[in-house]
Amino acid sequence: MANASAVRLLGQENYERLRSSRVLLVGAGGIGCELLKNLVLMGFGEIHIVDLDIIDLSNLNRQFLFRQRDIKQAKATTAARAIEHVSNSKLVAHQANIMDVNQFPLAWFSQFSIFFNALDNLEARRYVNQMAQYLRKPLLESGTAGFDGYIQPIIPGATECFDCTTKETPKTFPVCTIRSTPSQPIHCIVWAKNFLFSQLFASSGSMSADEDLGTDNVEEIERIRQETNELHELQELIRSGDKTRIRDVFEKVFVKDIEKLLAIEELWKAREKPTPLYNFKFDEKINKNLNTVWTIQEQVNAFVLATEKLMQRLSSEKQIEFDKDDPDTLLFVAAAANIRASVFKLPLKSVFDIKQIAGGIIPAIATTNAIIAGLSSLASLRVLNLLKNQPKANPTELNMAFTAKASNMSNNRYLSNPQLGPPNPRCPVCSIARGVLTLSQNDLDTMRLSELVGAVQEKYSYSGEVSVLDKSTQRLLADFDFEDLLNKTLAEVKVARGTILLISDEQDSEESIRAPVELYIEQGEPEGINLPDIEVPLIKPAVVEPDETNSEEGVSMPGEIILDEDDKNPKKRHLDDASETPAKKALKTEEEHVVILD
Amino acid sequence: MAAQARMRSAKVLLINLGGLGTEIAKNLVLSGVGFLSLVDNHDVSEGDLSTQFFLSKDEIGTKRLDSAISRIQDMNPRVTLTVDTEDFRQKPDSFYGQFDLIIATDVSTEEAIRVNQLTRKFNVPFFLCGLNGLSGFIFVDLIRFDATDEKLKSSVKTPLGALSQNREVVEVTEYLNEEQSEVYERIVTRNAYKPFEQVLKEGTLKGKLTKRQVKRLTNAVPLTFALFSYRDGYAAVTRHDLEQRATDACVQLGLPSENLKQEYVEQFSQQAGLEFAPVSAVIGGTVAQDVINILGKKQSPLNNFIVLDGISLDMHIFEL
């Protein structure tokens, strides 16, 4: 069944190319769900969806492929199943981490014509960007934060890559940190506001007994029922209006749920265990000073007081939304966050501080995700040169796009659409010569780091000392004053399939040094060590300023690099400052405490 | 939150559930609009399956709305949905008076003018949007709308008075933020709108754009305008005729007609009215975002005409 509109837009020949294209979608969250729908409707031949996450209650109001019955299911597989009914594409879902080199070695990425990033974290974005650079495959990068969003096509070798400019993406927290293992007060505030409060007061979501659960597995149905029952048990208590039941709510949230978490022992191997709030009591002592940190008993009393008021209000208001300027909702969130913080042995905060932080939490906006995903899929057609009537575009004639009106940056532009810039010659990622080095297991087990370094020095004509950095873990393996690991085997220094080694000239020369080279370690059965034939030019060394924070190789590293071996002598190098880019602006927000929930 | 409460009590009418209507319905239902009425009398066709995701292959020939409704409701049980499979053109005038906001998709120019006349009569905000292949447009008529924006006060006070043809600052109040440390301004901007018919007749960009903006303006703008002149649909569109009309549109809009490029004329003549999923997503997302904004009575709304060029991703807002 041909897709009539795609045929008219692309022409028959390009449509056939689209049908035979295999594409990779990384992320099945807010942008990912929308993007998957678009790619399916456009008619791409085969779409692989990779996401490690499972569906959380808080996803449902914007990730439109997910329903309440899907909670705790894998995002990737659920999304694929949910769009199947209109799909003529082969859909392949992977519940996995895109950075897992055993499941997704470099060679696996090479089967795709294009990668779509629909990610919520910097690390994975950088990783896919790097894979795109190794394979010279186009990447469509995208991101949203509240009403701000951007898309950026990346054509390796021809346009700016993701790391050509310093990125300042807002903090995001994984769901499990919020729900199970908070380690900062803000995690407790996010939990209180976006999970506990919204579950108790903001959602109704009744589930009827005969709802289609999408499975026939008896055990599975039982599990979903239990999950759903637990969800609604608390709501029922709240909605009963019976104030004597607040004790039950309190006990469930701050004692029983914590006990359940404690039972999962592996969570606490490297973390301090929480202590359930046993023997709690309610009394009348209410602290009214919003600028001081209250005692735990005052928090407990405030929780009871706020819950009573909100229960009362529910009888006339169908549901209540959190609003930092609504004192009942604020008091509830502040008290709940502080009690949880105390259970997890974290510092408590004043109501006023919590008001600031909770007000700065930027919710993900469904429409922004929809617009950005639309632009991303649209832009891919030009990147892949699939449009009829359009001559093949020079990569730097392609456009990126970011929200302008919604970001309060313009009154007469809904989007800004600058053309793509050329690669930054000082980019820590794409300016570096790179290649793949295939080694056998035997090589890894027996070859010493010094042998590999020697071979590299000879092959690429490094005349003096070099440093070796494991980019995957940011560990320094060797440099001029750190030679402890040179006699160890590659396996001993944890070089394995998927390791990326960055070799840099450490020669102290003012004239010229050899450019750095990056090697992706692939595992196979080669004959001997065949370092890739790549040209590694001589470059002028960067002027080393007295300030130690400047990078030494003439290229800056993304983030900090910390010397391994028990961090005895932390050696840090910092980011260069780069000029403000549209993408950066699009993601920049005024508040200091910024949390994006996705 | 007052804005949330207004959202939940709002009654919205969405005309036609094509690709664009589907995107708008999805976004409004997810956002928790209170009442959404859908009117669409079409049957599911094979073409629908490449633009819509609430339908499925085995439903060809059934009413689009009947097929889609359970999947729409499934996204958010709290929204009250009303389904109407009659032809919206057969509805009595009074039908349009019962809504707080009306969105028309996939309608001809003639139909858009009529619905807009009725939204004016009943004082109801109106959105019109449509797709032309890789391009899409939005027209907005809120009649009159006072938007409130808040911002940190700069060294000079925001002056009262006209900002542009359709926008005027009518009130500025200063207030201190919570820490009592900084002065903010609450700015009320009055947005005036014109009916669609008047914009088609008189709308112009003369004097509103810089030379550079005129030079770089996408051909999608005069071509979208030219397509409006086919009052009853696009059956009569030919490349030559469209080029003529685009030249006329350039004259009215105050744009140099020599900037019209052959490949754009070709593209629009072949893709008039054609729906395409990614463009639906962008236009449908933009309309829904502004509808949600207006129902919550928050920031400055769109005023009043937007065109997306799906090739360059240019998306300007014009006051016509």
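Cβ from N, Cα, C; glycine included.
Per TrEMBL, these features apply:
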BINDING   A:27-32, A:D51, A:59-62, A:K75, A:120-125  ATP binding site
BINDING   A:C161, A:C164, A:C427, A:C430  Zn(2+) binding site
COMPBIAS  A:587-598  compositional bias 'Basic and acidic residues'
DOMAIN    A:7-429  domain 'THIF-type NAD/FAD binding fold'
DOMAIN    A:297-354  domain 'Ubiquitin-activating enzyme SCCH'
REGION    A:545-598  region 'Disordered'
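Annotation note: A:G30 (ATP binding site) sits in a helical segment as assigned by DSSP.
Counting every protein chain shown, the number of other Cβ atoms lying within 10 Å of the Cβ of A:G27 (ATP binding site) is 30. Proximity to chain B (CB-CB distance below 8 Å) holds for none of the binding-site residues A:G27, A:D120, A:C164. Nearest in space to A:C164 (Zn(2+) binding site), taking C-alpha to C-alpha distance over the binding-site residues A:G30, A:D51, A:N61, A:D120, A:E123, is A:E123. The residues of the domain 'Ubiquitin-activating enzyme SCCH' (A:297-354), classed with DSSP into helix (H, G, I), strand (E, B) and coil, number 39 helix, 0 strand, 19 coil. When the Cα of A:G27 (ATP binding site) is compared against those of the binding-site residues A:C161, A:C427, A:C430, the shortest separation belongs to A:C161.
The closest partner of A:N61 (ATP binding site) among the binding-site residues, by CA position, is A:C161; the full candidate set was A:C161, A:C427, A:C430. Note on the domain 'THIF-type NAD/FAD binding fold' (A:7-429): mean pLDDT across this stretch is 88. Apart from the site residues A:C161, A:C164, A:C427, A:C430, the chain places the Cβ of A:Q133, A:E160, A:F162, A:D163, A:P423, A:N424, A:P428, A:V429, A:S431 no farther than 8 Å from the centroid of the site's Cβ atoms, the recorded Zn(2+) location. Figure note: comparing Cβ neighbours within 10 Å for the binding-site residues A:C161, A:C164, A:C427, the maximum is reached by A:C161. Taking CA atoms as the reference points, A:E123 (ATP binding site) and A:C161 (Zn(2+) binding site) are 14 Å apart. Between the alpha carbons (Cα) of A:D51 (ATP binding site) and A:C427 (Zn(2+) binding site) lies a span of roughly 28 Å. The closest partner of A:G30 (ATP binding site) among the binding-site residues, by CA position, is A:C161; the full candidate set was A:C161, A:C427, A:C430. Secondary structure from DSSP puts A:C161 (Zn(2+) binding site) in coil.
Note on proximity: of the binding-site residues A:C161, A:C427, A:C430, the one nearest A:D120 (ATP binding site) is A:C161, by Cα distance. For A:C430 (Zn(2+) binding site), the same-chain residues that are 6 or more apart in sequence and have a Cβ closer than 8 Å to its Cβ are A:Q133, A:P156, A:G157, A:C161, A:D163, A:C164, A:P423, A:N424. A:D120 (ATP binding site) falls outside any helix or strand according to DSSP and counts as coil. The secondary structure of A:D51 (ATP binding site), as reduced to three states from DSSP, is coil rather than helix or strand. Counting every protein chain shown, the Cβ of A:D51 (ATP binding site) has 27 other Cβ atoms within 10 Å.
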